[in-house]
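Report on the following structure.
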Amino acid sequence: MMKLKSNQTRTYDGDGYKKRAACLCFRSESEEEVLLVSSSRHPDRWIVPGGGMEPEEEPSVAAVREVCEEAGVKGTLGRLVGIFENQERKHRTYVYVLIVTEVLEDWEDSVNIGRKREWFKIEDAIKVLQCHKPVQASYFETLRQGYPANNGTPVVPTTYSSSVSGIR
């Protein structure tokens, strides 16, 4: 299923969830520092770069495209961390590891909407994400648990109380 919204086509899976893809962009293979970007809706908040998949687009291709647009980085795509559900917002996001090999000086979202990017130590990234993006904070817990990147990757359902979900 597809829906048009302004300049983009949104794709949905059979359950009506928006299909999304994102990357945990690490500075090196040691995976000690991760790149977060400022939210387009709340520029004072940090988020994991990612977004909606285009029609017929593979999740891995969408993830690489989204991080280039939102964070201005390119790199080596690694393992699939997992597929995460945000039941409150009806999103299903494929999350990958990306080892950054190139940092662009100017990129699409920096030019168009003034988006910023910043490197965070993992613990600090979890802290800044927990209050307003708890599903994104859970990406790191799943990464630590080391689920294999294969067809058996579990869908990780996440639900949070309405008091938390009202904070975007």
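Counting starts with 1 at the first residue shown.
Cβ from N, Cα, C; glycine included.
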Per Swiss-Prot: substrate is bound by Lys18, Lys19, Arg20, Ser39, Ser40, Arg41, Arg89, Lys90, His91, Arg115, Lys133, and from Arg10, Arg79 the site also lists Arg10
Might you list, by sequence position, any residue in that chain lying six or more from Lys19 (substrate binding site) with a Cβ less than 8 Å away from its Cβ? Thr11, Tyr12, Asp13, Gly52, Met53, Pro59, Arg92
Its Cβ having more other Cβ atoms within 10 Å than any other among the binding-site residues Arg10, Lys90, Arg115, the winner is Arg115
Residue among the recorded positions Glu69, Glu70 whose Cβ has the most other Cβ atoms within 10 Å: Glu70
What whole-number Å value do you get for the CA-CA distance of Glu66 (Mg(2+) 3 binding site) and Lys90 (substrate binding site)? 19
Determine the C-alpha span of the substrate site listed in the record, that is the greatest distance between any two of Arg10, Lys18, Lys19, Arg20, Ser39, Ser40, Arg41, Arg89, Lys90, His91, Arg115, Lys133, in Å to the nearest whole number. 25
Please report the DSSP secondary structure of Gly50 (Mg(2+) 1 binding site), reduced to three states. strand
